[in-house]
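Report on one structure; see the data block that follows.
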Amino acid sequence: MAAKITHCLTAFLALCATPALAVPGGGNNNDQDVYDYVIVGSGPGGSPLASNLAKAGYSVLLLEAGDDQSADIGTRLINVGSTSNANRWGFYVRQYGDDTQQQKNNHLTWRRADGTLFVGNGSSAPADATPLGVFYPRGATLGGSSVINAGVTVLPSKSTWDEIWRKTGDRSWSGDNIRKIFTRIERNHYLPPGTLGHGFNGYLDINGNDGEVYSRSPGILSVFKSMISSIGGNPNNALTDVTRDLNNPSPSRDTTQGLFGLPFHANQTWGRFSARTIVLDTLAAKKPNGSPRYPLTLKTNSLVTKVLFDRPRNKKPRAIGVEYLEGASLYSADPRHTSSNTGTKRTVRARKEVILSGGVFNTPQLLQLSGIGPKEHLRQLNISVLVDLPGVGSRLQDNPEYPVVGIAKDNQPFFTTPIPGEPDCFFGFGPPGVPDPCIDLWYQGLGPYARPASNTNAFMLKTNYSTDGELDVLVFSLANFAFRGYWPNEAVVAIPPDPLGVFGFSIVKINPISQAGTVRLRSTNPQDTPLINFEMFNTGADEDLGALAEAAAWGRRVYGGVEGPTGPMTPTEPPCAAGTNCFAGDKEWAKDQSFGHHATSTCAIGGDRDEMAVLDSKFRVRGVDGLRVVDGSAFPKTPGAFPVLGTFLLSEKASVDILADARRW
């Protein structure tokens, strides 16, 4: 039988780009320095909001610090991903507050005396190396991180939204209401039209697998059967279970364990849908006379440096605009940045409101630069305190993730039987300068890039460490690859390559308890990156590490139960001698090896009595008027296992709230 090694790595390493496309300036605003709304950031928080406000007839300026990388084909294919540096900012973060613990992390990046980069823990680092931190890429292009992420599109639990309702008393945050928003914006491609709890006429393309790829992947299917058996299910249902709807509206959805399909924000032929799509579609809409239909203006290469305020006597300060620097690669996290990139200073005014959607690191940075944040920190940098809001840049949290690894019997690689006549695809890793033969097929809606890949699966678990009785671990399976995190493309990496026959269970902690992280200014220079410290496992260590360790023991049982010829498989990570209780060692391994890439909650919504609440239930920044935050920093806690869908929903919720206020003015 002809065999082809299954490729599923690429969707998890999308980081980069090629020369930018020019983006037309939309809108019909007569005064180009004044708009009704100024929105900072074009990710899944800012872009839907900008489009919705413009379609309601308000003039909107959308400012994006990056450029448009639409020309990079890797940003348009879920199953390929881009590996260019032009799409992302590379932050270096502290995973832990303790230096000793930080240096045990295998993902730590170091800079050597000659300027080259090395990735590995402290014991493996060269003598001349200085630690930079753990590499943490963020989208820095039109569309934000929705252009470079894996694309996983899972609804947070109902209780995620109900908790905001409970904290604020605002019933519009109920899970039932958010489900209605979801059905309004979803364009589902994997379920029969009319399926309860889903939408089929919205803008947000969501796709899933139909089981076909797994019918050609016998080794992967044998692992799925063992997974199902581990919780007392029927292994013969593996091929149907892996297509089950993970975003179903069942009341028991958030407590039901088992195998499901993993949905992605992708269209019918698995082209990537991103926040960029919304902006470009809105700009492209024309009236019969050829003029722009909607008053939306996009300015890329525009790094916002400060929010401007009017300070009327006996009233709260009011946001009236922003200052920004115009120019390419101005932020120091941009790999293309040089010290000569200083930009040209510009100012723009907002008649109604300024809305920050710059992301979990950059929104609190901008607020602090503008005098809104913890007063002690601002005074240390001689920043005039406009509003003392201790929650700005606090409560930083993430989904801890690490792989539980096994090796197939006799190191036999996992394969997917190819479809006759189809070429071998590069999946983003072809020889330089050689065209990928599958790209032309994709344009025709054909070939492997136009179908779901073998990473479109999820296994949901509820461990004994769940604090609310809901699912607390999501596992996605990767054949021939164990996903161990991110590091710079150009770095020398001490982590050895995986052997043949490797299989990775990526263990993702849902609703982590740990939320002690911070984002603080490094300096008053807006081109500098902030100081980012996740303080992972500083709080909630028993629950979070307990769940991760319990998942490791589950993974070993699954590997041992895989039937031949693929199994029984040999578990290799975390290391554990056969017949021993490795729970304590698994907790330590998870603590050392966990990483994250789903940062949230640094400008959280909260109730009036919560001194750490930055926003009220309508996204308004407390202590000022005319300023809101609409991005992942607004979540009081990490929304489920993957935050992108929650952020799209946040943007739609904010659109309703902002338009309701606008009509009252």
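Just so it is clear, glycine is given a Cβ too, placed from its N, Cα and C backbone atoms.
Bear in mind that TrEMBL entries carry predicted annotations, made automatically and left uncurated.
According to TrEMBL:
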{"type": "SIGNAL", "residues": "1-22", "note": "signal peptide"}
{"type": "DOMAIN", "residues": "117-400", "note": "domain 'Glucose-methanol-choline oxidoreductase N-terminal'"}
{"type": "BINDING", "residues": "Asn149, Ala150, Gly151, Val152, Val304, Gly632", "note": "FAD binding site"}
{"type": "DOMAIN", "residues": "514-647", "note": "domain 'Glucose-methanol-choline oxidoreductase C-terminal'"}
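Taking every protein chain shown into account, Ala150, Val152 are the binding-site residues, and of these the Cβ with the most other Cβ atoms within 10 Å belongs to Val152. Model confidence over the domain 'Glucose-methanol-choline oxidoreductase C-terminal' (514-647) is summarised by a mean pLDDT of 96. The Cβ of Val304 (FAD binding site) lies under 8 Å from the Cβ of Val40, Leu63, Ala65, Val322, Glu323, Tyr324, Gly358, Leu366, Pro526, each of these being in the same chain and 6 or more residues away along the sequence. Across Asn149, Ala150, Gly151, Val152, Val304, Gly632, which the record gives as binding FAD, the greatest C-alpha separation is 29 Å. On its own chain, Gly632 (FAD binding site) has Gly45, Gly359, Val360, Ala599, Thr600, Ser601, Pro643, Gly646, Thr647, Leu650 as residues at least 6 apart in sequence with a Cβ closer than 8 Å to its own Cβ. Each residue of the domain 'Glucose-methanol-choline oxidoreductase C-terminal' (514-647) gets a DSSP state, and the totals for helix, strand and coil are 39 helix, 21 strand, 74 coil. All protein chains shown were included, and the count of other CB atoms within 10 Å of the CB of Asn149 (FAD binding site) stands at 29. All protein chains included, Gly151 (FAD binding site) registers 28 other Cβ atoms within 10 Å of its own Cβ.
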